């Protein structure tokens, strides 16, 4: 009984996927939607297999540009978050700026980046970076800035320097915030890359979908969507596992 | 009069323009003395602790510890609060070791003498009854156990001055009495100077040599009372007549302070 219910619990997400795919296929057939508007699940799968070669090539392009952009985002986000979070003055000074910057739709940067760097991988990397570093900065800074004053007093009474407090308490304490932000940042990074590719590239999944769409090959467009979603999910899960391992103390049950 | 270890001369402190948090404090504490501060909420007891440890400088007057004026955080003091404030990512043992990673000269020697330091931490944990829990994380400990660990952390670097800010305030009555005895035994064994801030008059009377009663804000010392009960004191003392009378007198004084 318990073994069964556990099994069902583990299978639940897969069951949901199967059900969704079936609804998709049935709806398309039932309402006779033409495939150049909205292809069914089967047709999408077919496109996925037929164009496996080019899809693989373009997704690899998207994958590594995203990872580089994400890596930059993590590095800059950590440093900036640490600096802003470690001083009340900087926190107050920079926070509105960051919020204002974050409110700009990142697509708006793509034309600028194209002027500066031409089309191709560089704008994609930079868009991914621009879109994903914000949650990291905010989380790391918040983790550091919300340090309990008593905890700080405990160390200061011992003659701890500001740096001691930050390294011994602030940084470990902000790790759960940091890892939580990584999960958000990696999915955002994919968004950034694909957005940039659709506008300013001749490589990558974004470009593939754009050109397939212009030729009304909607099966291929949807195949592209599925691949992006799969890549983002795998990366998300990877960081979720990493978070669990690194900050087990924060996830007690 | 024996030489004062902690000395306050006409000390006042105002955090901002709204008036003094504490005012005209004159007192001296001997080395090895156990003093307790009691008073109504907001009477500046915690302010007193901050002055004593150098976390805050007085607006007027001077504070000196061990013959030298206090200018910055003292390294000879340990501190424990109402919340245990243990670091959740460290085991109990590592939490207790924390001060040794910060205070000189241990800080420099930490890697080399780690084994020895762990030994100190273990023996401290043993005296407070946490020997079997050294590898547990704070959230695996009960509130009382966390507070014990917190007191160990305050004592690991062998401070000469222990500051306790309502350390037992959040515990249930039985655990609290148990920890009084733990603290009493630690103090009897090592005789460091203790400044205990508390709301609990029984706690103050049971543990301290001297009880200071403070007035409402701005906090002044309105009574200094030596507790003459013989040591070592057993917990049963607290249920006997002389002790009860003492507590009642203190209670009456606090009552007056609150009503004026």
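Please read every residue number as a count from 1 along the shown chain.
The backbone N, Cα and C atoms fix where each Cβ goes, and this holds for glycine too.
TrEMBL assigns the feature transmembrane segment to one of the listed ranges (A:12-31, A:32-51), namely A:12-31. Residue ranges A:157-176, A:177-196 are listed, and TrEMBL annotates A:177-196 among them as transmembrane segment. Of the two recorded stretches, the transmembrane segment (A:177-196) lies close to the transmembrane segment (A:63-85), with three or more CB pairs under 8 Å once pairs fewer than 6 apart in sequence are set aside. When Cβ-Cβ distances under 8 Å to the transmembrane segment (A:63-85) are tallied for each of A:12-31, A:125-147, A:216-236, the top count falls to A:125-147.
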